[in-house]
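J.: This is the structure I want to talk about, given as structure tokens.
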Amino acid sequence: MVAGVMFLAWRVQMNGSSTTLYTWSIYENEFAHLPSFVSKAMSYAHVHTLYLWKLLWPQYLCYDYGWNTIHAVTSIYDVRNLASSVAYMAVVGAVGTSASHRRTSPLFVLLVLGICPFVPASHVLFPVGTILAERLLYLPSVGFCLVVGYATERVLLAATAATKPKLVALLGLVLAVATSRTIRRNLDWHDEHTLFQSALSVAPTSVKVLTNLGQDILPKDARTAVLYLERAVALMPSYSLGHLNLAAGYAALKKPLQAMHHLVQSIELVQEPKASTIYIFIVQYDGM
């Protein structure tokens, strides 16, 4: 732990006078751009609650949550703050109770194994490049599974002879459902197309998901790809690369006027080196 603290201190010193390791765009992490510290704290607390809920009930999963998929918490009267408070009290209560019995129970160590790997992805020390993503739960889920296993063992040991078979049957049902969900999710990760398609059903307003899906199918189905890219641009008109991707889509459909329009929009928003490359491609492709 001391070595970890020393490394962080060294890294901050290397960063210079700025305390920000990296400035993420609003497209990647919109909560980092909230003007109020209170709004940031409440919004990230809501994200922590969602992470905990995904561990407890992993029904809806998405590889990445981009802009406009999780709304910020800007009011203390937002009902989501209640869920965040309950989640924090549950975790703090479990850690506090287990800490007082850490000499006789491994629960405290197991909780630490679940919490500590999550800290770098929690936005507490610094904002990360996505608001929420299930891949960031891989290591924390190991500690969570150990906690669940320990709790299950304690319940079975305390069960009577009459209730123990019922508990074992319930445990078997839970494992069967979890196994089925895991197999289904593995199919979603078969390739990029299946991954992006599954994410669209969970986060239909994600600009990142719409953009990635549009880029993926552009070589095979330009017309459908343009529909996805148009939706992404409509959701976030100020996103330069969104217009750039849409320009490429219209170029594939041999619609040079629309392609040039969005190319100019992209260049006006941000002077991207890629923009000039696509410009040359469109000029050559359409013979303008």
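A Cβ is built for glycine as well, from the same backbone N, Cα and C atoms used for every other residue.
Summarising the annotation, TrEMBL assigns domain 'DUF1736' to 24-91. The annotation transmembrane segment is assigned in TrEMBL to 107-126, 138-157.
Let's see these features in context: how buried, what's close, how far.
T.: With a cut-off of 8 Å between Cβ atoms, the residues of this chain six or more beyond the transmembrane segment (107-126) that come close are 8, 20-22, 29, 31-32, 44, 47-48, 51, 91, 94-95, 98-99, 101, 136-137, 139-144, 146-147, 150.
A Cβ distance under 8 Å defines the sequence-distant neighbours of the transmembrane segment (138-157), meaning residues of its chain 6+ beyond its ends; these are 51, 55, 106-107, 110-118, 164, 167-168, 171.
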